[in-house]
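In TrEMBL this protein carries:
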type	residues	note
TRANSMEM	21-44	transmembrane segment
TRANSMEM	56-81	transmembrane segment
TRANSMEM	93-111	transmembrane segment
TRANSMEM	131-152	transmembrane segment
TRANSMEM	173-196	transmembrane segment
TRANSMEM	202-226	transmembrane segment
TRANSMEM	258-277	transmembrane segment
TRANSMEM	305-327	transmembrane segment
TRANSMEM	339-362	transmembrane segment
TRANSMEM	374-392	transmembrane segment
TRANSMEM	413-436	transmembrane segment
TRANSMEM	442-465	transmembrane segment
Amino acid sequence: MKKKYSITSYLKNSLRFIGLNSVQAGVQFCYSTITSVAIPYFGIINNKEEENGVYGIAQITIGICGSIVGMIITLCVCGWSDRCTFKYGRRRIFIGIGVLFECISIIFLITSEFTCKYCHIGYSPTSTNGIDWLSNILAFIGLSFMYLGANFMSEPSHALIPDFFNYKNQQIAYFYSAALGAISGFICNVIGGVILLTRCGYYYSIIFSISFIVLLISFIPTLIVADEEKFIPPDEDFSFKRFILAPFINTYHGIKEITIELIIIYILLMLSWIAYYPASFNMTIYYAKDIFHINNQTNPKFSTAISIGMFSTASFWFIQVISPFVLPLFEKCYGKVRLYFISNIFAVFSYAILSIAPSIISKNVAFNPSVTDILIISSCFIAHQITAFQFVEMNSLPFSYMKKLVSSHSYATHLGLINVFITFGQIISLLLAAGLLQIDVWTIMAFSSVCFLFVSLLSTLLFFVDKKVDSLLHQVMKFENETTTPNFIFE
């Protein structure tokens, strides 16, 4: 007989789903803050007449402090959290450490902006007193800690899902996680855009502070709901040395488990991030420099242009909120792999539109826009939103396949391995973007369009992966049912 659930039980379970995944909202808020305002922030504290050099340096700086930190820390945290014997659980301790790092990052970032403010009167650039170096160093340290904290929280919070949910409920849990992250990205960019429109002066500190407050609030429900017990490792010879070496041991065993299907997934994700990451990082600057043709930070229209870029990014995240309700309908018609291919083709044309638009829009659009200019801006706005479907597919289908190709015990390890490929792609893309910025921002959009064309062609290999997954699905389900422990929240 099918088990019936009361409304009270349903609401209670839904609140647990949300509570366990709520920290993802805070993590995404931090990531959205970095991608939306970090590049303009470096321009503000340097305040150069010609911004391309500053933005190029910022690309390399953020690429180094973000991607390399993420590559190393994620592998270590995944390994340590799998074997941590902390009294109150093995995941929450690392999420808590991440929150602490975020607090430190906010202190450095606010200090950086206030140092620039009180040592530069009216945004006048520094010549001999070296204050620009101090502001840049503080900003670099602050962003490093922000990335460090986000990476400390990201993978352990994802690993809570297979810890607390059986196989069937994991799909729902990942949906809640993605939805909360998308809502958070939407809210972050709306708040940032409003602040940039309504304030004149040093407003980035407010945006950074809000990101930490949101993170702190989102961490509390996860801290309460994730009532972990002390993990007892199965190894009789468990020691502190083995705990420290766990990332390397797990990585070694994970590499031995890699199959041709996993290699396809890893490479496809790496290339997808090479295509997506530089465009995402430079979207707000793209609106300011290439659409509204504002190259000077002192221009009163600069903050308005950046805010429009943030509103466009907010809509990008809002599309991701509704896409889980829309994409399954198309998936039934076209199939998973075909839909993945189509989403990448849409991205090719969307970024092509973004690369062409700056050459046909008038130079005086910021002060006297024509009807044609408004139509071009609207086209760019819509093109940016269309790319959201590709982003959703990129972060769902490959991971869905990976979960079915590896055991739950090694899932965190493979998340670490896949993050190595992704961060390697991010490093490559940002270094290339730093060079392309010497020409103009539109070249980055053209670069993304070409890269997504290659991703579209390579995505046809997922037909091979899909067949393999279908043949293994029955075995995976059987394995999960046999190994699911009775202390899961949902069974």
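Using the three backbone atoms N, Cα and C, a Cβ is placed for every residue, glycine included.
Not measured: the values here are computed from a predicted model.
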- Note on the structure: Long-range CB partners for the transmembrane segment (305-327) (under 8 A, at least six residues beyond its ends), listed in sequence order, are 32, 35-37, 40, 175, 178-179, 182-190, 192-194, 196-197, 283-288, 291-292, 294, 339, 366, 380-381, 384-385, 387-389, 391-393
- Query: Considering pairs 6 or more residues apart, do the transmembrane segment (258-277) and the transmembrane segment (173-196) have at least three CB pairs under 8 Å?
  - Reply: no
- When counting Cβ pairs under 8 Å to the transmembrane segment (202-226), the leader among 93-111, 131-152, 339-362, 374-392, 442-465: 93-111
- Who are the chain neighbours of the transmembrane segment (374-392) in space, where the CB to CB distance is under 8 Å and they lie at least 6 residues beyond its ends? 178, 276, 279, 283, 287, 291, 312-313, 315-317, 319-320, 323-324, 327, 343-344, 346-347, 349-351, 353-354, 357, 360-361, 365, 452
- Item | For the transmembrane segment (339-362), distant same-chain residues with Cβ under 8 A (at least six beyond the ends) | 275, 279, 286, 290-291, 293, 327, 330-331, 369-370, 372-373, 376-377, 379-380, 383-384, 386-387, 389-390, 392-394, 397, 440-443, 445-446, 448-449, 452-453, 455-456, 459-460, 462
